[in-house]
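S.K.: The disulfide bond annotation in Swiss-Prot covers Cys26-Cys53, Cys221-Cys228, Cys241-Cys253, Cys256-Cys265, Cys300-Cys312, Cys335-Cys339, Cys343-Cys368, Cys476-Cys505, Cys512-Cys521, Cys532-Cys541, Cys568-Cys585, Cys588-Cys597 (among others). Taken from Swiss-Prot, the feature domain 'Protein kinase' covers 721-988. Under the heading N-linked glycosylation site, Swiss-Prot lists Asn68, Asn125, Asn188, Asn260, Asn531, Asn572, Asn630. Per Swiss-Prot, the feature phosphotyrosine maps to Tyr878, Tyr1113, Tyr1140, Tyr1197, Tyr1249.
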Amino acid sequence: MELAAWCRWGFLLALLSPGAAGTQVCTGTDMKLRLPASPETHLDMLRHLYQGCQVVQGNLELTYLPANASLSFLQDIQEVQGYMLIAHNRVKHVPLQRLRIVRGTQLFEDKYALAVLDNRDPLDNVTTAAPGRTPEGLRELQLRSLTEILKGGVLIRGNPQLCYQDMVLWKDVLRKNNQLAPVDMDTNRSRACPPCAPTCKDNHCWGESPEDCQILTGTICTSGCARCKGRLPTDCCHEQCAAGCTGPKHSDCLACLHFNHSGICELHCPALITYNTDTFESMLNPEGRYTFGASCVTTCPYNYLSTEVGSCTLVCPPNNQEVTAEDGTQRCEKCSKPCAGVCYGLGMEHLRGARAITSDNIQEFAGCKKIFGSLAFLPESFDGNPSSGVAPLKPEHLQVFETLEEITGYLYISAWPESFQDLSVFQNLRVIRGRILHDGAYSLTLQGLGIHSLGLRSLRELGSGLALIHRNTHLCFVNTVPWDQLFRNPHQALLHSGNRPEEACGLEGLVCNSLCARGHCWGPGPTQCVNCSQFLRGQECVEECRVWKGLPREYVRGKHCLPCHPECQPQNSSETCYGSEADQCEACAHYKDSSSCVARCPSGVKPDLSYMPIWKYPDEEGICQPCPINCTHSCVDLDERGCPAEQRASPVTFIIATVVGVLLFLIIVVVIGILIKRRRQKIRKYTMRRLLQETELVEPLTPSGAVPNQAQMRILKETELRKLKVLGSGAFGTVYKGIWIPDGENVKIPVAIKVLRENTSPKANKEILDEAYVMAGVGSPYVSRLLGICLTSTVQLVTQLMPYGCLLDHVREHRGRLGSQDLLNWCVQIAKGMSYLEEVRLVHRDLAARNVLVKSPNHVKITDFGLARLLDIDETEYHADGGKVPIKWMALESILRRRFTHQSDVWSYGVTVWELMTFGAKPYDGIPAREIPDLLEKGERLPQPPICTIDVYMIMVKCWMIDSECRPRFRELVSEFSRMARDPQRFVVIQNEDLGPSSPMDSTFYRSLLEDDDMGELVDAEEYLVPQQGFFSPDPALGTGSTAHRRHRSSSARSGGGELTLGLEPSEEEPPRSPLAPSEGAGSDVFDGDLAVGVTKGLQSLSPHDLSPLQRYSEDPTLPLPPETDGYVAPLACSPQPEYVNQPEVRPQSPLTPEGPPPPIRPAGATLERPKTLSPGKNGVVKDVFAFGGAVENPEYLAPRAGTASQPHPSPAFSPAFDNLYYWDQNSSEQGPPPSTFEGTPTAENPEYLGLDVPV
């Protein structure tokens, strides 16, 4: 017979359906259309399964039933979890009048929840049938209460006597959201069907009787109702109801759509664990329930496993193991370490597709005590399969099952070796749980075997399923087993037929032994008794124990005869022992050591590896006594008692020991003397060397080779500063637009003033002083510089005012008016500024377009030194511990290994150029910052901007090489972009560039600065610090503020440590400058090196005041141009003439020599030393960005709130949960910010920036 391992639920008893106590639940079958294994007992099998059952946890399969079969045991069924199959029956009616719902958790042929097939009389089509004979077969469905099929369709075919299947409104029965709802039925009948009863509305019925009218609960409902009890809008059922209801509440449902919780329909069962929001603890929920099928139960039924998630299951999930409690309940428990290996049977894991035990898989069960799965022995097991190369199973191979104690599935045997008279290879099998049932019904099946007895003497439990034993013509002892004691629920039973009659067994003496209690046994002999009437010795029943006579002597414990210890002396008139241990003897057979009987006294025996050996001897009474001498080693000489003899030392041994000791002492003395002498020689040599060096030194040593940092820091008075307008505010303090009026001078200098808030922590003051130290030491026209510092109670940094804001906002605002010359000039200037920082050994770490300020449309400066770090003279790289960093601008080694070098700044420079060429687009927009490292390692880079030629884009790509040494140096970038700036339209292609306006001279932020009337009559900060009076005019008044700009522009820009630099620009009242004229400072990047070298004809027409900033730096700090450039980056003759470059035909007349002394230039290799009084954080990083008590790190990026311009100390609402837009620091989890009362402008936090203190 073909075998299929079907996983089915066992027989159960639990509370399930709404409003009913003691609802009986039973399992279904899974045989489909196969013939029953035992047709003789098939009806009995169904009766045992469904007698009194109300909920079928599985499939209801009614097949191959005769015409006279009594099916009254089906009348209580109300719910079927799987599908319902009525096929190949000859009965006229199936009494399922109470069936309400078919859930369709399993479907027949994967489509149908209800299948009625071939229920006909074999003589139905025979024309010679006897007249007046009523054909057999199903005549009516009579499913009068069926109002819901949740999933699956209907299949009705081959039922010639069946009526009314087409009178049913199946649309009302099938659920609206039922995706698999085909209705496939034929109406071919061999008889005429009466009409439905007149009381049936719309002529819908299940049978001829008025009680069989169809109850409609779906199609008659008003809009929005899934089920209802009537046509009125108030008749709607609760949304958790299925099959209809008696009222609107979820306790009025006829069946539950999801789960039934004590008569109330719920979407989920109550969780076992709840969260207490008051105590922040997880607590046991006293109302928690386990999920079992469509019901909520307090405990899982027997033979089911409870899980931590609150479900009842048959198989534990991965990384869990079965645990049986003392009360017999079973649960799945998570393994604290890798779960121990288990033995899997058929239907599980790698044996899921195996049909039977064969010679190929039997060795997997060697040594197994518990098998998770089933065992099946088919004829092919012992015949083999030559086509697949499987050898026949030999009988001796079955000995591997002698250690087996438990099977979680079923045991099926339809073939067995003829030489075996029983199943004694399973003599130690105690439990067959039946979590997996054969045909969905049987946990033990024995059929067609030649055995004479069962031999399962240790079997004590069949946890679920029926036992089927039939067609075993030689088998006796079937009825001598107390099967009721093995079963665990009332639906279990033994089905047997075709076995050897008991009378024939009795005639041959195949009966239970007389020592078997109640005549219960598994086979002949005293070893096959279920229980013994007298005593049990091992596995054998005996009349008495060997307490007084016989060897070995025994003692009695209950009804078990247990042997005494072998060292116990047998007694004739009393018990020999009262236990099985050596210290439980009445007398010893040999010797007694303490309280235990021993065969011999311990002689040199170590009771434990860590103890000394013990020596004992027996006295006259046989009691072990300790020896006078306890030898520990070399115990060779023993006396007559077996104790160690006294050892006398030999003179040779003494002499050898003395000589060896003396030699060792002499060697140690010599070694110590040598070491002392060498130590004195080294001290003498070092002393002489030091004295010689002290006499020969004539000048101080400079081991590092670093030149002193002679940068100057201006200390300003608070009375010299005048604050006009708030530019930004944050957690650390406020940035103001202001004026610096030096004492004793009639000048006004526009500045940006950063003021720390009150009660600033000492660490915050130290960090801002560190930033001031870095800014004060720079000296490049392309790097923002510090003007001074005011040491009031709240430290104030004073920086240059920049009128156009940051470069990022500038290119976004004027993207339609920027030319290729503008973009390339900015690239050159940024590269020169970074090249200068490389020379002074300063790693910027935060280069981006937002950190480049625009002094004029032709002049930009690098700023934001909040993350910048100086390298010592012997350092080439910097390793950071954490803090805020811009992930999308950083090199890969900086993200992964926190390694920052000048070459990592080259990577950031490439991203900055990309921002310019895309007019302020966001790099890697839409990609989370956490994915950036993997994206870069896979080779992905930013795409080529539309306006860039391949020449410009290849420079960007070189900046983004994984190997930092393969990236270009900044001096090389200066050279490359300077070459491109001479022919800009060849390398940057902008549509309609020639038709567009000139470079923008105005900005939104510039106009905002014009609102203040006090900004007139001002002097540029750089002109004041490095005056060039008398260069073009001997009149010193030209250097004053009288001829300075009358109207000014300013913008606020984010600066790394709180720096905000602003500058000046002529107003619209002044006449327009020549395109060749520089604007405040270094001017356009067409000026390379000394800005006073190489003056063209256009420069000669400028006023002395306009050209004075050009003479501020005597030498370009990055890379001097070759002589033939004459100090300019001019376009080639074939190129159009853009702004800011000299005309090709204009040649410089004569070089101009600055009359004033140029500012000191730091030589190459010079470094900016850290001040000894300032102690940065780890590795020089000042990473406590929350030290100021808030979450906004750099308020310069924040626009001031409306209405705060007139307030010197604005206090807008500030949420500490927000941070700077471009950075995200994860160090906040390690140290919380101190309480702060300061309120600043909120900004959104950008999650695309991560801290480096957590691996990316």
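Each residue, glycine too, has its Cβ placed from N, Cα and C.
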S.K.: Please compute the mean pLDDT of the model over the domain 'Protein kinase' (721-988).
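M.R.: A mean pLDDT of 88 is what the predicted model shows over the domain 'Protein kinase' (721-988).
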S.K.: Asn68, Asn188, Asn531: which of these glycosylation sites has the highest Cβ count within 10 Å of its own Cβ?
M.R.: Asn531
S.K.: Relative to the Cα of Cys221 (disulfide bond), which of the recorded positions Cys53, Cys339, Cys505, Asn531 has the closest Cα?
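M.R.: So, of the listed recorded positions, the one sitting closest to Cys221 (disulfide bond) is Cys53.
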S.K.: Within 10 Å of Cys568 (disulfide bond) (Cα-Cα), which of the disulfide-bonded residues Cys256, Cys343, Cys512, Cys588, Cys597?
M.R.: Cys588, Cys597
S.K.: So if I draw a 10 Å sphere around the Cβ of Cys228 (disulfide bond), how many other Cβ atoms end up inside it?
M.R.: 24
S.K.: For Cys256 (disulfide bond), identify the closest of the disulfide-bonded residues Cys300, Cys512, Cys597, judging by Cα separation.
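M.R.: Sorting the disulfide-bonded residues by distance from Cys256 (disulfide bond), the top entry is Cys300.
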S.K.: Using DSSP and collapsing to three states, where does Cys335 (disulfide bond) fall: helix, strand or coil?
M.R.: coil
S.K.: Determine, to the nearest whole angstrom, how far the Cα atom of Cys532 (disulfide bond) is from the Cα atom of Cys521 (disulfide bond).
M.R.: 10
S.K.: Determine, using Cα-Cα distances only, which of these recorded positions is closest to Cys312 (disulfide bond): Asn188, Asn260, Cys505, Cys541, Asn572.
M.R.: Asn260
S.K.: Using Cβ atoms only, which residues of the same chain lie under 8 Å from Cys512 (disulfide bond) while being at least 6 residues apart in sequence?
M.R.: Phe477, Thr480, Gly519, His520, Cys521, Pro524, Gln528, Cys529
S.K.: Between Asn531 (N-linked glycosylation site) and Cys343 (disulfide bond), what is the CA-CA distance rounded to a whole number of Å?
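M.R.: Here the two Cα atoms lie 30 Å apart.
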S.K.: Cα-Cα separation of Cys300 (disulfide bond) and Asn188 (N-linked glycosylation site), in Å?
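M.R.: Between the Cα atoms of Cys300 (disulfide bond) and Asn188 (N-linked glycosylation site), the distance comes to 47 Å.
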S.K.: Pop the Cα-Cα gap between Cys335 (disulfide bond) and Cys343 (disulfide bond) into the table, whole Å please.
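M.R.: Between the Cα atoms of Cys343 (disulfide bond) and Cys335 (disulfide bond), the distance comes to 17 Å.
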